[in-house]
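Visitor: Input: one structure, supplied below.
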């Protein structure tokens, strides 16, 4: 029967007058994943209608696999390219693209730099995105206002926290993530499960802050949420309840309980409304109940009038979906959508197109932020510098004052090969920090903070002082203790050789981090590549003896190690003389040693070898740029693969199976299924 009014005779209140702000409406919104292999097309969202308005906060709820994230991504314009969306998505009555500056999106994971304080995190983000025409005082005023708006005053000067330093709480981290997104004063704010992993108190404060943002700032706030507490649920103005991509209920959250009661599924007095809603539409409860019955051999309970005990969850869900389609709530939503579709103009809505900061301001800000992060993160460079110092003294004492005897030839070669090969290999230790930095980059890049070129340049500039320190410390200790060829110019070349070799390894690991964003697999991949480079450097097997096909040409020419070792040999041996193997024979020149014994060509200078390393460094940085750009284009294909895996997994879930039609309810109405809780929600029938 069609629902024309609520049980007490009241209808949902008439929609508010249309004023300033962003009015978002969607009509007959459908999202499908086409199966190009010939199988059936998967329908993720099925003909959804709804709207979100300024000054109100909407909750998108539903069981796992119901389409919450898909709906949120559809509204935010973040759908993968492998899916097809149909229907109308209107912004103030117009079909418009939801660009950066108009909308903001807060991800479920809080990706922040743990070494920065809350105030620093927000300040750097403000300088990256706000207009360069603003003075420093004006930017600081915006930052302080945002801190106050999110209630972060008490933790503003505490670090976010990472693996070696304790920081702010989970709720405070989430509010920091929200603060970063509202800096540009977006008109619409989307949030993906902002209370995930938070306790009830922290979740309440987060949603309360979002409600204040919506009401005080006149913004439109839409948030997906899984299973909020009753206190949190009461903070939401509107509710969009989904199940298997279909609308179970859309309207004001305070009328949802009445809707379920009218449909024959009243919420018990002592039960959280959100728990009751999900209990009615989540078919996984049937599986759990059946499993418990089978394992514990529970007897059949007596007949009861409780519909949750007499009906399968899929049947309850089908009835709710059908009742909503025929209800006054659905009619009210469609009527409001028609009103919003008639809006003309933007109604005072300010729209920003991309970041308003200049390229050079972004470069300066990113460089400073990255440098501060490197200084405070002991695992980024400081731990490696300590290890470099220790290893340098070990090398210096083992090869101390190596001399010019015949046996010193092998010692010099071994020492030079170890320094240019194994000591530069230690730069792989910064990979975990690379991974964390890349996460921040991907998140900020997706939100339109800055471009790829700015990030790559700022990363190298900020690391430059640390790389110089590593080269100078290692070069000074080993060069003077081993007593390589004397002379300031030779010492300078030795340090430059180390500097550019370490820079190449750093750049290589950045490429690996962009391709393999997993800590363990990235380390294995990077170590394997560096191992190949070392094998073709000419240290383990002389360059002339390498197989000509592939290993000599082109691998050894692409290996920084071969150029680094050749340059190191020339820098140390040329100009020196060594004692002969047998007494009475003439002394051996350094040129003879490296050319005849070690197969190093002396037709070009050591500076050419150093230039080759610099060229390889530039190539790695360019490759890093290309990989990041290509990943942006290839990401839809990767998401398509992930989507197929997700669909296969969801097909096995009872909650994802297609619900039966309403006409089929009578035939299976009295099956002896049992709910997990009684009507009062305090005890369980399973004893």
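Note that Cβ sites are derived from N, Cα and C of the backbone, with glycine treated the same way.
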Visitor: Would you please say which range out of 492-512, 576-596, 639-659 has the annotation transmembrane segment in Swiss-Prot?
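Guide: In Swiss-Prot, the transmembrane segment feature sits at 492-512.
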Visitor: Pick from 131, 327, 661: which does Swiss-Prot describe as phosphoserine?
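Guide: Of 131, 327, 661, Swiss-Prot lists 661 as: phosphoserine.
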Visitor: Please identify the range among 515-535, 662-682 that Swiss-Prot labels transmembrane segment.
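Guide: Swiss-Prot lists transmembrane segment for residues 515-535.
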Visitor: Going by DSSP, is residue 64 (ATP binding site) sitting in a helix, a strand, or coil?
Guide: coil
Visitor: Could you check if the transmembrane segment (385-405) is in contact with the transmembrane segment (454-474), meaning 3+ Cβ pairs under 8 Å among residue pairs at least 6 apart in sequence?
Guide: yes
Visitor: List, in sequence order, the residues of the same chain other than 62, 63, 64, 65, 66, 67, 68, 69 whose Cβ lies within 8 Å of the centroid of the Cβ atoms of the recorded ATP site.
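Guide: So the additional residues around the site are 70, 242, 243.
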Visitor: Which residues of the same chain, at least 6 positions away in sequence, have a Cβ lying under 8 Å from the Cβ of residue 62 (ATP binding site)?
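Guide: The answer is 68, 241, 242, 243, 248, 278, 281.
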Visitor: As a test of reading the model: what is the averaged pLDDT for the domain 'ABC transporter' (24-269)?
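Guide: Reported value for the domain 'ABC transporter' (24-269) is a mean pLDDT of 90.
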Visitor: What three-state class does DSSP give residue 69 (ATP binding site)?
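Guide: Looking at the DSSP assignment, residue 69 (ATP binding site) belongs to a helix.
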Visitor: So if I measure Cβ to Cβ from residue 67 (ATP binding site) and keep only same-chain residues at least 6 apart in sequence, which ones fall under 8 Å?
Guide: 31, 44, 45, 242, 244, 245
